[in-house]
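Chemist: I grabbed these lines from TrEMBL:
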type     : residues : note
ACT_SITE : Asp202   : active site, proton acceptor
ACT_SITE : Lys224   : active site, proton donor
DOMAIN   : 172-383  : domain 'Tetrapyrrole methylase'
Amino acid sequence: MTNPYPLGLRLAGLRVVVVGGGAVATRRVPALLDAGADVLLVAPEISPALRAHADAGRLRWLPRRFAPDDLDGAWLVHVAVDDPAAAATVSAAAQQQRVFCVRADDRAAATAWTPAVTRHGPVTVGVLGGGDPRRAMTVRDAIRTLLHARQGTLLTDSVAQGAPVDTATGRVALVGAGPGDPELITLKGWRLLTEADVVVADRLVPGLLLDELRAGVELVDASKIPYGPSRTQDEINRILVDRALAGAFVVRLKGGDPYVFGRGGEELLACAAAGVPVTVVPGVTSSIAAPAAAGIPVTHRSVAHEFTVVSGHVAPDSPASLVRWDALATLRGTLVILMGLKNLPAIAATLLAHGRPADTPTAVVQEATTGAQRIVRSTLGAVAADVAAAQVRPPAVVVVGDVVGVLG
Ligand code: SAH
């Protein structure tokens with residue numbers, strides 16, 4: 001067998017016919033849509049996922065068997081049917097019309113092969129295994145692992161977001177690092193982290209993520225910046241802006257999600273005021289992940305149809321409080337309190353005083369998703385005493401509601 005000739009097809013607006021509506025077609029179609037192809041799906045029946053694409057107008061579906069003139073105007077055809085005779089009909093029509101034909105059922109009969117693919121931002125790697133798809137996938141997996149581990153050194157200085165980088169000004173990415181387990185950062189967050197010139201990290205950011213930064217990265221530990229809380233934020237904003245204006249790609253790595261009690265909005269505004277472009281990469285927030293790690297779903301059918309996330313860092317009776325604790329006490333859904341340990345006695349008392357029952361199941365999760373995770377299970381009436389007795393320390397999340405214990 002002769003060697004295939006690799007190509008990157010630029011399919012935007014070009015007709016691609018997919019014959020078949022089962023599992024293979026369901027897997028193939030998203031990448032075609034992502035490439036902007038004008039997809040024509042020909043199959044008497046199609047999977048629910050394909051039907052959703054058709055209903056949304058992302059592709060056109062002909063609900064019948066293939067006919068040779070379905071290939072009129074096509075640049076490429078994918079055959080994703082089990083029936084060899086039907087597939088051969090498509091191949092013959094493709095031959096006739098000089099359209100490349102991918103055959104899921106018979107590689108030898110195909111005129112084009114689809115590679116095993118791994119995508120890393122703007123970089124796409126396709127692997128052909130000489131007709132052996134398992135070999136292609138094994139090699140692809142090895143390359144994917146390599147690129148995940150060493151993206152910074154292999155893929156840098158190009159582009160992170162698809163847009164060309166102006167080397168005169170750098171830019172800033174506000175990246176959510178997730179709640180603690182280093183594997184709970186998003187793929188995009190991880191890629192940007194490995195591409196960074198400067199990383200400004202919070203105290204709550206998983207240390208292992210920083211362990212894997214490429215050599216030469218400037219690491220600024222935001223928790224070590226002296227002065228009071230507001231001065232510290234000004235100083236962080238100044239570092240982000242200064243480094244970016246000097247041409248660096250700055251990743252501001254924040255615990256959980258950047259916009260959940262993370263002051264990400266202030267950093268975005270500071271960058272915007274200085275004309276520095278900013279990307280925000282959402283993160284897995286501890287307000288949902290910490291309960292989940294303790295086996296508590298924040299919603300559960302016929303138990304809780306809402307969850308409310310509140311900061312407890314201001315005491316309920318303080319004039320500075322923006323939280324209507326009296327109103328929260330009347331809700332029956334799940335209440336998740338962040339930064340609430342210090343004020344927990346006052347918070348629990350306020351919720352009880354305004355009507356939340358004392359026997360409401362309550363849990364406190366400390367250092368969730370890390371090796372040091374601890375869970376204290378209690379009730380709203382007893383939680384303040386139980387947390388004090390167990391010497392729970394920050395960071396911890398308090399969960400109030402019937403979802404606590406719903407999974408046992
Ligand atoms: N942006 C973060 C929250 C920052 S506020 C997020 O989305 O998760 C800091 C508070 O988050 C802590 O006081 C604590 O209440 C909570 N928190 C963060 N990480 C946590 C963890 N691993 N376990 C429990 N609580 C955590």
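Note: Cβ is positioned from N, Cα and C throughout, glycine not excepted.
Automated prediction, rather than curation, is the source of TrEMBL annotations.
These figures come from a predicted structure and were not determined experimentally.
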Chemist: Fill in the CA-CA distance, Asp202 (active site, proton acceptor) to the residue listed as 'active site, proton donor', as an integer in Å.
Modeler: 9
Chemist: Across the domain 'Tetrapyrrole methylase' (172-383), what is the average pLDDT of the model, as a whole number?
Modeler: 94
Chemist: Output the one of Asp202, Lys224 that, of all these active-site residues, has the highest number of other Cβ atoms within 10 Å of its Cβ.
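Modeler: It comes out as Asp202.
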